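Per TrEMBL, these features apply:
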- 1-20: signal peptide (SIGNAL)
- 74-95: transmembrane segment (TRANSMEM)
- 158-178: transmembrane segment (TRANSMEM)
- 200-218: transmembrane segment (TRANSMEM)
- 230-249: transmembrane segment (TRANSMEM)
- 255-277: transmembrane segment (TRANSMEM)
- 289-311: transmembrane segment (TRANSMEM)
- 317-340: transmembrane segment (TRANSMEM)
- 348-370: region 'Disordered' (REGION)
Amino acid sequence: LLQALHFFVGFGALLSPLIADPFLSDTNCILANGTANASSNLPHIRKSLVPHHPGNLSHYDLPMKGMVVTRVSYAFWIMALINLPVPIAVFFLLYKERMVPCFNGSSHPLLSADELALETRPGDKDELSTAGQRPHPAAGHEDLFSCCQSKNFRGVSFTYFAVHVTGALVLFMTDGIVGEYSGFVYSYAVEEPLAVVHKVAGYLPSLFWGFITLGRLISIPISYRMKPATMVFINVVGVLITFLLLLIFSSSVVFLFVGTASLGLFLSSTFPSMLAYTEDILQYRGCATTVLVTGAGIGEMVLQLLVGSVIHDRGSYSFLVCGMIFGCLAFTFYALLVFFHRMYPKPSPELDEASPEKAAVPEDTGQYQR
């Protein structure tokens, strides 16, 4: 289910640039009145501003008034219309779950608390139904930081925190690679020594996201036969090898396209596989999901900023060097995660059967499912 969920994330990212591409202009977006007839001779606006160390940019006379030669606003209208059903569907779900303050009708929830649990063993059904009938506070809605209370961390070993941190760092690097590669592969391709035509280079982000989508689709049946830890290992090693080959064949345009597709394929299932892997270790008690998702989001933001600054100072080749460094760090953090996993104490069967918190586990997982 995690693989299928993230497949649609990649599918949307694949469609977005394809929708915008027909409305992009091959020249400057606005042409001055005196140059409107010579639009075919104008350089592309990105090629006018991308070169590094341009010195004083004041000599680039970019017209602010004149004939508009781009219809890119149409792409925004199309994407807005496509996304319009999403808030409508979310409002409908909130209404059915009685979570809209002004519309608390008599409608029945779509799913009961038992059905929202990710895993329910046959022997626990009676216990779950009994626990579901007992009133209990919805901690996920009443107290946003209930999972971070200090009482939840009493008696836990340091490996509990180490698994959280190393898992978040792996996603910090891998999701950061996704963000920085999709954001700067175009700028890398249009500059020397590759000098790819801007229209052709514009297909690289779509190719990258297309293979991320394809990889997530392939990962759905694979996840039934392969452990999440193995999938993450293959992904991280594949990213490392791909960046190494991109560095070796840095002057080949063909291999840039091949490497982009390969990188998207290996990065595709890293996030859902890491969530599944840490779920097997931690059973999602505490703030595991929050830590992992936050680490991935911060990585996607910070690494793009970092790579953009390095490219501006050191040139386009540093784009691949940064990716290689991030891949090595991701592999290192994954090795540490496996090490801490082996040290993490396994719950004994006796405690698992007799623990009074056992009935609370479906509530935690149900909260994660929501």
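Glycine is treated like the rest: Cβ placed from N, Cα and C.
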Check your understanding: Does the transmembrane segment (230-249) reach the transmembrane segment (317-340) with at least 3 CB pairs under 8 A, where each pair is 6 or more residues apart?
Key -> yes
Given 200-218, 289-311, 317-340, the one sharing the most C-beta pairs under 8 Å with the transmembrane segment (255-277) is 200-218
